[in-house]
Amino acid sequence: MKVLCMQISGVNGEGAPKQAGINAQFFFVRAHTVTVLFILTCVLVYVTLLEETPQDTTYNTKRGIVASILVFLCFGVTQAKDGPFTRPHPAYWRFWLCVSVVYELFLIFVLFQTVRDGRQFMKYIDPKLGVALPERDYGGNCLIYDPGNTTDPWHNIWDKMDGFVPAHFLGWYIKTLVIRDWWMCMIISVMFEFLEYSLEHQLPNFSECWWDHWIMDVLVCNGLGIYAGMKTLGWLSMKPYQWQGLWNIPTYKGKIKRMAFQFTPYSWVKFEWKPASNLRRWLAVLGIIFMFLLAELNTFYLKFVLWMPPEHYLVLLRLVFFVNVGGVAMREIYDFMDDPKFYRKLGQQAWLVAAITVTEFLIVVKYDPRTIMLPIPFFVTQCWFLGIVLILSWTLWRFFIRFFLVSFFFLPPPHHGRCMFVFLCGKFSFMLPPSPMQDVTGYISPAC
């Protein structure tokens, strides 16, 4: 308890803080389990004894489901295990963890319904849903300057300037803060545009002009968002993280500044993915990119199969949800990759995000298999086949062929059996020695 108080007061060994400051800070981070239980009990007693229950079955069903969810959230916010983030408050991240559980259960319920019942069930959330909607086609006339339109020759550009332009910029700004790597962000950005090219025969929404793909999306919206995100990451990595208790700050200006910094990280961890360092990290990075792209595709396919317009608030709430849980999940994945001996299991938020992404895709497959199974054009299939062959070839060379060449040409024969054992375990990393004459035993570090 003493160590916890010293950490949250931000003393860092510079002298004992005021006891009042310690008590105030500790009160702020406490879960307040008894207080929450007392308030929850009072609300339930009021509903049971003092409030008259309406005779509307539909209304009572909705209110009962909402009340059950709220009770679960109260339990989770006070009792769930803390994750890697503590700012602005640990309860904030516990809340989103519980929301993840609720959302996954909702997806499971929708998955087990028939297509008709699942779509009509959305009417209980919003009566305007449950009606088939036409998909908007962003392609068509792709002239940047249309001389045939004397009124406004630039109308094609203005037509594309909808609410999704700032959403693209803000989305990639946040994704950069989540991934914390310029190369991974650019790869995901470019890969998604290739996916839109490949799947525009399934969803007309993916049909865009070439300059909409590569200029407005990749260069302008996504590129500027990634650039702003990298600048923010640079500031966060250089920022000093020496916290001082609010009651230990003498000036009001300092207190206000300390309150504003409560919404910044408590400490900063720079992500160094190093995908080419060993096979485990390479496969993990490929898996992260794959899940990112699948979650992006789910955004479009879900609203297509569940008949939700793009501007509906449920689409926005899903994006807000992933913004809040994505950072925690990525940090847990990085910790699991970086130190598998200490983090022996995948984090709870990362596990839920992966389960949610897969469940969303299964809903898409079940609700509209005809669209998913539309044959991909032959030239698109050839491009993807070539890309997969190149990735597999590089993987075999980098982590298998190159390893055997180094081990059998630079190591003496007695070490060959050991290298074979390391190879079969699948946990190895090595560097080429500075010279062929130097002993390379120290350059091969098996982990099994």
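The chain as shown is numbered from 1 upward.
Cβ coordinates are placed from backbone N, Cα and C, and glycine is handled just like the others.
Looking up the ranges 191-210, 211-230 in TrEMBL, the one annotated as transmembrane segment turns out to be 211-230. Long-range contacts of the transmembrane segment (211-230) within the same chain: residues 138, 142, 144, 160, 165, 168-177, 182, 185-186, 189-190, 193, 196-197, each at least 6 residues beyond the stretch ends and with a Cβ under 8 Å from a Cβ of the stretch. Contacts between the transmembrane segment (92-112) and the transmembrane segment (61-80): present, as 3 or more C-beta pairs lie under 8 angstroms, all at sequence separation of six or more. Below 8 angstroms of C-beta separation, residues 8, 67, 71, 74, 77-79, 86, 89-91 of the same chain, each at least six residues beyond the ends of the transmembrane segment (27-49), sit close to that stretch. Contact counts against the transmembrane segment (282-301), taken as Cβ pairs under 8 Å, peak for 346-364 among the stretches 61-80, 313-334, 346-364.
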